[in-house]
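Trainee: Sending over a structure as structure tokens; questions will come in a sec.
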Amino acid sequence: MTDLASRVAPPRPALSDRLKFYGIWIATALTLLLLPKIFASGGSLTTFSLVGISIIFALSYNILLGQTGMLSFGHAVYYGLGGFLAIHAINLLGGNKWPIPLPLVPLIGGVAGLFFAALIGWVMTQRSGTAFAMISLGLAELVASSALILRTFFGGEAGISANRTKLFKLFGLNFGPQIQIYYLVAAWTLIAIIAMYALTRTPLGRMCNAVRDNPERVQFVGYDPHVVRYLAFCFSGFFAGIAGALAAINFEIANSAYLGAVQSGTVLFAAYIGGIGFFIGPIVGAIFVTILSLGLSDLTHVWQLYFGLFFIAVVMFTPGGITGLMMMHRPLLRAGMLTQMLPSYLLAALPTLALVTGLMLMIETTVHYTVNPGESPHIKAFGIPFNAASPLTWTISAVLIVAGFVLARLAWARVGHTWDTTLTAARAKVHAR
Amino acid sequence: MLELIVISTLNGVLFGMLLFLMASGLTVIFSMLGVLNFAHASFYMLGAFFGFQISRWFGFWPALLFAPLLAGAIGAAVERFGLRRVHRNGHVAELLFTFGLAFAIEEIVQIIWGKSPVDFRPPALLDFPAFTIFSTNYPAYKMFMLAVSIVIFIGLLLVLKKTRVGLIVQAALTHPHMVGHLGHNVERIFMLVFGVGTALAAVAGVIAGPSLVTQSNMAGLLGPILFVVVVVGGLGSLPGAFIASLLIGLVQTFAVSINGSLASVFGPLGPDLAQSWLSDIWNVTVAQIAPIMPYLLLVLILIFRPMGLLGTRET
């Protein structure tokens, strides 16, 4: 028996591998600890808190999409319900002076998310694929519309607010200042990342991948794909609830927007743009999307359009997301041949940049004429002033778009060709070693 | 009471037929391409806004013709240059592509026409009461909407049952791969079907625009209901989509006109319930929960018949 086990089990990783593995986690913890020392302003602390929350949320989403292959359009339901339960819990705990400190409130949100996911999930996870996607959308609409009807619990349009500082104080922390909230979010983020990573290494996590790749096979082996999907759904709801509770603590309010389609769409964008194929993908995506949406909204009125177009571009050209794109280059990096790709990348970047600039110029000019036609044509987008009324602007935009498009097509075809030859060479080189 | 039933039935059938105009395109596209077009309701919205703009320049009747053609051309282009490329990356990528498209179309419509409703009126020719039942004037324009949707429905039926293209489409509903093996230019059929499907949605948009509200959130409001129709009817089943469209149209219209609540029916039995934490559920009227009726129906169907009413396919 032991003989069999030792033969089946993978070999114990070497010391250097283990050091590398734990080193990454320790480095993450240190980064989270030291971040506020480097960027100490109030604005950046708020940004970091939002990023942390969205990391947990995006990772919980990826349990569904990336690991179990379930595309959900209603993940905000569990986020929002977790948030509402957390707000009610804060009010209840503060009002009754129960000795439960604020750092434990996210757990309440998580349990709420778990409860509702367990309740709704059994029916939903009966179907997979496209049917699941539509059902998740329908149920999300059901919950979001019900939230406006059940006014006592959800507070109608205004939402429910709470005061996080009135809770039982542990070690004298009252969680008034943003720095304390940041550390609370950071701690929960680290815990949640570790827990979700651990989940992917369990037999359940492996079965989730199997259900994603080939549900029929899973049935042959003797598992019920429905049950596996259901369990994944419950875990996902749990972590989404934690994220929602943290958001509620951060803003001290929960309203129906927490449950809405926009929130569900944002987490989908974050997870997919980051890359759903790797564990780290949604983390990258959450950081990227949160900072992008905060930053872009200062630069232009129509940032949501750019956001949507960017998402479409990612879906069309790099379905692996940002991490997928980077991981693609790993074999080249190993063979030390990454530099061979650089010239053709640079060559392709130039016309692509021209195309993008032309499109942006066109969009901003159009926006000037449709959204605020009365104003002066000397507009400023992305900090660059230009004259929207001048024919020169239109000509430049048209030339950039047409020339950029034609040249970009040629250049990218060349990139594809170089890529193929370089990759083959790199593989041969690694193989020869 | 009889007045309410007659008017609600008429309105319900009308709404149901409009839903079917969209759901039929969605179903055929789903069956053939295997992709659920998340942006289908966006083409309905595009139809309404194109209709508004063209009717402002040239009048309503050219709009009824050209707005669907324009939207259909955009739809065909989306299939040709977008979906076909994304197809390589799998179904999830296709669905996400249409999701991003729906998002972008809503933003573009907001940029061009603004967030508030536009003033899209029925043509003067049809701006009179068609008949009066029990002191309620029923507008002629609604009868026109009903007539248009029924004509298109019959036309669609004839095309599907009697023509060669219809035969191929029907075959592709059940055996999409076999159609390809038989040597049809599947790519061109796909593009055509996508264009016609989106054009049908745009027709619904043009005729519904003056009667309902033409606003940039109309796609977001209608889209989920459309998916409910398709799931309730059974994915890939045209007759199922028809029954589900009428069912949801009627359910929602009747619900809006019923003003009763639990409290008004059972009020005397438990007067103290109106004060308790259940008061929201106790006092809410049927009319208030009309928007969530389709979703409740969806949950019921999922519990009792996960395939949908007439569905046969598992995914």
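Placement of Cβ uses the backbone N, Cα and C atoms for every residue, glycine included.
Per TrEMBL, the feature transmembrane segment maps to B:12-39, B:59-83, B:95-113, B:140-160, B:189-212, B:218-238, B:245-269, B:281-304.
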Trainee: Which stretch from B:12-39, B:59-83, B:95-113 shares the most C-beta pairs under 8 Å with the transmembrane segment (B:189-212)?
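Mentor: The stretch with the most close Cβ contacts to the transmembrane segment (B:189-212) is B:59-83.
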Trainee: Out of B:59-83, B:140-160, B:218-238, which stretch touches the transmembrane segment (B:281-304) the most, going by CB pairs under 8 Å?
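Mentor: Most contacts with the transmembrane segment (B:281-304): B:218-238.
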Trainee: Using a cut-off of under 8 Å between C-beta atoms, tell me which stretch among B:95-113, B:140-160, B:218-238 contacts the transmembrane segment (B:12-39) the most.
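Mentor: Checked against B:95-113, B:140-160, B:218-238; highest Cβ contact count belongs to B:218-238.
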